[in-house]
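Reviewing the structure listed below.
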Amino acid sequence: MHDLKAIRDDAAAFGAAMRRRGLAGPEGADEGAAAPIRALDEERRRAQTELQGHETRRNELARAIGQAKRAGEDTTALEAEGTALRQSIETANAWLAESARKLDELLAVLPNVLDADVPDGPDETANVEQKRVGAPPSFDFEARQHFELGEALGLMDFAGAAKLAGARFTVLRGDLARLERALGQFMLDLHVNEHGYTEVSPPLLVNDATMYGTGQLPKFAEDLFRTTDGRWLIPTAEVPLTNLAAGEILDAASLPLRMTALTPSFRSEAGSAGRDTRGMLRQHQFWKVELVSLTTPEASADEHERMTSCAESVLERLGLPYRRMLLCAGDTGFSSAKTYDLEVWLPGQGAYREISSCSNCRAFQARRMNARYRPPQTGPKPAKPDFVHTLNGSGVATGRALIAVMENYQNADGSITVPDALRPYMRGCDRIG
């Protein structure tokens, strides 16, 4: 959600910020997407001023009627005016309530303002590579994709999953199921024991307000799964973890608040028809380790770098080649002000593919869910609460990490070497197949 006062104070700047996102606003409006917001806001402010005048006059009439009655004077005209005023006040209050709802609707579907250092560009082709870590493996055989390896081993069953649930699901068996579980446990242990995150086990079903708080609703309902009782399956643990602060005022001394969770994630992939139809890259259900941080406005940029480094350490411990990408304006997510994607090398595809996104959402989500903190007191009175900054990142997607391990650690005979970091979680198993 956006700060209405900031839009009011500089509608042109807000309009320019939305144009970076590809939102031009009404034709001919210099203020762009801010124009309808500012127009409705100004109309509301005029109506509020008029309402205050009506309420003042109503109070004056009440006193005048009382005085007239005590003096034995006729109050018919005064009472008629009072009746008309009550109707005007009721009408004005109803309009203000409806216009407030419309204003919220206008604001709720506008994306976050991007940081100044986010590059312009329409889509992923304009993303900027910042660094590469690790060299892609060199095989003396033709690298196979993960689904070819998994099916040949008899440990990855797409036909069985389709029988149970339809397309974009997978059944893992035996050592591949163990390997996926090992990846999740390894990541959790790393983030908790070395990076200072607190493990949380959150609900997988949440309500409308929770989805609204992190920005999934109202704009992206078609990307989500909804139950018959109106709850939503979480698309990422970011949703419940971040919303734990909804409506709270946190003590500044408790920040940064760092949380992690290993949960299933559920996505309809409504806009992905025809993309990655084979294998596990794009699933309706997948496991993911999520990282969430709540911090002060002054610390959020550094926290973003730290969180991204924590996610990178997973790939480095696993010996997986990757690159860090700074997303451009057209590829940055709705709630994010700045996002880094980590892309892991997949030899079977001969390409880097996303395995983690780490985003600084600034105060955007906090304003939607009213998550605040109280700065340290510096004067005679307690400091006024301010919105926290929220950050989230994959630390990392477990299913995609499984794919990356399979493809980067494959052998000529179709077996898979287990990375050293995972062997303690595999009871010493060093090879699958």
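Please read every residue number as a count from 1 along the shown chain.
Cβ coordinates are placed from backbone N, Cα and C, and glycine is handled just like the others.
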Given that Swiss-Prot lists Thr236, Ala237, Glu238, Ser394 as binding L-serine, which residue among Glu194, Glu290, Glu343, Glu354 does it place in the same site?
Glu290
How many whole Å apart are the CA atoms of Glu269 (ATP binding site) and Thr236 (L-serine binding site)?
13
Between Ser268 (ATP binding site) and Glu290 (L-serine binding site), find the distance joining the two CA atoms and give it rounded to the nearest Å.
19
Spatially speaking, which of the binding-site residues Ala237, Glu290, Ser394 is closest to Arg267 (ATP binding site)? Use C-alpha to C-alpha, please.
Ala237
Other C-beta atoms that fall within 10 angstroms of the C-beta of Ala237 (L-serine binding site):
27
In whole Å, how far is Ser356 (ATP binding site) from Ser394 (L-serine binding site) when you measure between their Cα atoms?
5
Given Glu238 (L-serine binding site) and Ser357 (ATP binding site), what distance in Å do their CA atoms have, once rounded to a whole number?
12
For Glu238 (L-serine binding site), what is the secondary structure state per DSSP, taken as helix, strand or coil?
helix
